[in-house]
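Visitor: The domain 'Glycosyl transferase family 3 N-terminal' annotation in TrEMBL covers 2-64. Residues annotated as domain 'Glycosyl transferase family 3' in TrEMBL: 74-324. Marked as anthranilate 1 binding site by TrEMBL: Gly80, Asn111. Per TrEMBL, 5-phospho-alpha-D-ribose 1-diphosphate binding site is recorded for Gly80, 83-84, Thr88, 90-93, 108-116, Ser120. For Ser92, Glu226, the entry in TrEMBL reads Mg(2+) 1 binding site. Taken from TrEMBL, the feature anthranilate 2 binding site covers Arg166. Look at TrEMBL and you will find Asp225, Glu226 tagged as Mg(2+) 2 binding site.
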Amino acid sequence: MKDILHKLSERENLTAQEMYSCMEDIVEGRATDAQIGAFIMGTRMKGETVEEIVGAVRFFRERATKVEVRDPHHLVDTAGTGGDMSGTFNVSTVTAFVLAGAGVKVAKHGNRSVSSRCGSADLLEYLGAKIDLSPHQVSILIEELGIGFMFAPLFHPAMKRVLGPRREVGIRSIFNLVGPLSNPAGAKRQLVGVFSDSFVEKVAHTLRELGAVRAVVVHGKDGTDEVSVCAPTLVAEVRQDGVYLYEFVPEEMGIKRYPPEYIKVTSVEESARTALSVLRGEVSPAYYMVLLNATFGLMVAGVTDDKKQAFQIAKESIHSGRAYEKLMKFIELTRKV
């Protein structure tokens, strides 16, 4: 570990294998809390490379408790890194149910809130769902309902070792990226929001290197780790033939921009009210933000490559009642499986 820290202090990049070995040392207790803290600070100050992120993600994917599904190549995850400090409602979770309502199989991977007002686990639990599901229970939900939820701490026991040092150091780090990229069901299609524009292209290339079938990585220029309804969004599309970087604006879908306070919440209760309002089809800035994210989610799923068509499919998922019905059935089934 000392050799790694020396390299980081000299701002030298690590190979994927060095990063993998470093994760191994940390998780297996061969690194002290002070060394873990120094590692977090060193990688953040230097700047994480694609190769380093690939090495870390490979390690945590291997150590994750697996969820067996029939076809991970058509499975979608919607996840954000968090850490954007924007205080928005839980967009990625609501988006997941819109995708499920459109017939997409979703393996939602998430956690409690760290920096936002409401994490996906907080929201689903508040709405009445049981979140501490076993791998077998999640598998049943995905196969029978079309959407399952994996509560990250239960599926990534290896992450426990870094919780204390991460909390004490208190800065965003490579570990913010690793979780959303380590889906326990092996989803090969991902819509990922990142906390900084500097990570959009890096995470896209990481996903391509790790074998994603299709992915979209986004960062709203208002600071959100989502496709924003308030500002332009930097987008990196991962396709089989490469990574394509561009800017997307709400006006492309005929939507005006809204002030950021229109999508902010101050509590889990408010986030839940917003989620239900959107899924019931009540038009609002939050509704439009979910539609924009679902548009890219449907493209990731391979439903269509046409944004305007995807937007209409997302609207139909909501206004037909299917998205709301998926949520209600999900809550019911989590308490029965």
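Glycine is no exception: its Cβ is also placed from the backbone N, Cα and C atoms.
In the displayed structure, how are the listed features positioned relative to their neighbours?
Guide: Cβ contacts within 10 Å of Asn111 (anthranilate 1 binding site), excluding its own Cβ and spanning all protein chains shown: 20. Under the three-state DSSP scheme, Asn111 (anthranilate 1 binding site) falls in the coil class.
Following the DSSP three-state reduction, the secondary structure of Ser92 (5-phospho-alpha-D-ribose 1-diphosphate binding site) is helix.
There are 19 other Cβ atoms within 10 Å of the Cβ belonging to Arg166 (anthranilate 2 binding site).
In the three-state DSSP classification, Asp225 (Mg(2+) 2 binding site) falls within coil.
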Visitor: Summarise the model confidence on the domain 'Glycosyl transferase family 3' (74-324) as a single mean pLDDT, whole number.
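Guide: That region's mean pLDDT is 94.
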Visitor: Nearest to Glu226 (Mg(2+) 1 binding site) by Cα, among Gly80, Thr88, Asn111, Arg112 (binding-site residues)?
Guide: Gly80
Visitor: Please identify, among the binding-site residues Thr88, His109, Arg112, the one with the smallest Cα-Cα distance to Arg166 (anthranilate 2 binding site).
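Guide: Of the binding-site residues Thr88, His109, Arg112, Arg112 has its Cα closest to that of Arg166 (anthranilate 2 binding site).
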Visitor: Taking the Cβ of His109 (5-phospho-alpha-D-ribose 1-diphosphate binding site) as reference, which residues of that chain separated by at least 6 in sequence fall under 8 Å from it?
Guide: Asp77, Ala79, Phe149, Met150, Ala152, Phe155, Gly179, Pro180, Ser182, Asn183, Pro184, Ala185, Ala187
Visitor: Going by Cα-Cα distance, pick out whichever of the binding-site residues Gly80, Thr88, Ser92, Asn111, Arg112 is nearest to Asp225 (Mg(2+) 2 binding site).
Guide: Gly80
Visitor: Roughly how many Å lie between the Cα atoms of Asn111 (anthranilate 1 binding site) and Ser92 (5-phospho-alpha-D-ribose 1-diphosphate binding site), rounded to a whole value?
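Guide: Just about 12 Å between their Cα atoms.
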Visitor: In terms of DSSP three-state secondary structure, what is the assignment for Arg166 (anthranilate 2 binding site)?
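Guide: Reduced to three states, the DSSP call for Arg166 (anthranilate 2 binding site) is helix.
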